[in-house]
Amino acid sequence: MKLAECLALAQLILTRYVLMICSILGIIGCFLNFFVFSKKNLRTSSCSIYFKATSIFNLLVIVCCITPVIIATYSREDPALYISIVCKTRAYTTHAFLMMSRSTVALTCVDRFALCSSHAYIRRLSQRHIAIRLVIITTILWLVIPIHVLLLTDVQLSGRCGGSGVYQIVYSIYATIVTSIPLVIMIIFSFWAIRSVQHSRARVFPIEGHVDGNENLAMRMKKRDIQLIVILISEVVVYLLSTVWYPLDTMYLTITASIVKTSDRVAIENFIRYLALNFFIFLNSCSLFYVHLLASKRFRHECKELFLNLFKHNQNNIELQVRSAKTPNHRQQINTFPNNTE
């Protein structure tokens, strides 16, 4: 078997089986993520708004973007490779939903930095109503900005879905920029948030009984907020590991575009591009709930409480159903007793 055939088979296995399993787990994880951050003790935080929004966007990525790719592996031909509207719609929705998810993670980093800041006017940015507005604005922006993808992407003569000519080069530059910006924001503001927490602790804990001005910041930082920062950092790490390959691959292809390549080299480059563009990025959308579980003890505790509450709720429903099943019979006996005496 040739190298190109081996890599094509590996790509098929990764898409058909690995991505399918990850998608099922990802859908479950997105729902659980949303329910956990909707709990009464967590939903008061502005950070929970961003986490819930990210869960919704990731769910849309799985359902609208990953699922059609998986289904296409079970058919002879992918509709996106010969039907223009399918090609355009899939390219647009994939780009828009992925950017919404990335942007909300970046906004979460900014929110945690604001919360940890020693300046009161910066801390005011960490509020629920501001988070809701920013999520709405982000959603609208990423429905409007990628309109060019919907207009200029189409089925090409080579049998692929994408851009052509100058637009292909422009889109590569555009995609590298818009993918890198959220990543840079995540890294910078996560670093500043961690530094702020470290500095606030250094200012407060060595001085017992002395709290004034900015020195009470660490004491006002709740354990819940620290755990949310831990969860956020885990998201940033996973996002970095899953997304950084796409800009690198795009720059590599741009630099080597004029080089004559062998068929094996082209096959390897196509496989690497598949991993960077259609596997690792999608894997990120499916994995965040499980990353949260591994990263935060508090999150595991909240999940455990969620399951216990659901179990108790089901038990109460069963008891009510049993009681309601017995009550009509009892009432019927009471109602029929006078008629029998007559």
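A Cβ is built for glycine as well, from the same backbone N, Cα and C atoms used for every other residue.
So that you can see what the record holds, here are the features copied from TrEMBL:
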type: TRANSMEM; residues: 17-37; note: transmembrane segment
type: DOMAIN; residues: 29-292; note: domain 'G-protein coupled receptors family 1 profile'
type: TRANSMEM; residues: 49-71; note: transmembrane segment
type: TRANSMEM; residues: 91-110; note: transmembrane segment
type: TRANSMEM; residues: 130-151; note: transmembrane segment
type: TRANSMEM; residues: 171-194; note: transmembrane segment
type: TRANSMEM; residues: 228-248; note: transmembrane segment
type: TRANSMEM; residues: 271-291; note: transmembrane segment
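Restricting the average to the domain 'G-protein coupled receptors family 1 profile' (29-292) gives a pLDDT of 81.
Residues 45, 47-48, 51, 54, 102, 105, 108-109, 112, 116, 175-176, 179-180, 182-183, 186-187, 190, 193-194, 197, 272, 275-277, 280-281, 283-284, 287-288, 291-292, 294-296, 299 of the same chain lie 6 or more positions beyond the ends of the transmembrane segment (228-248) yet place their CB under 8 Å from a CB of it.
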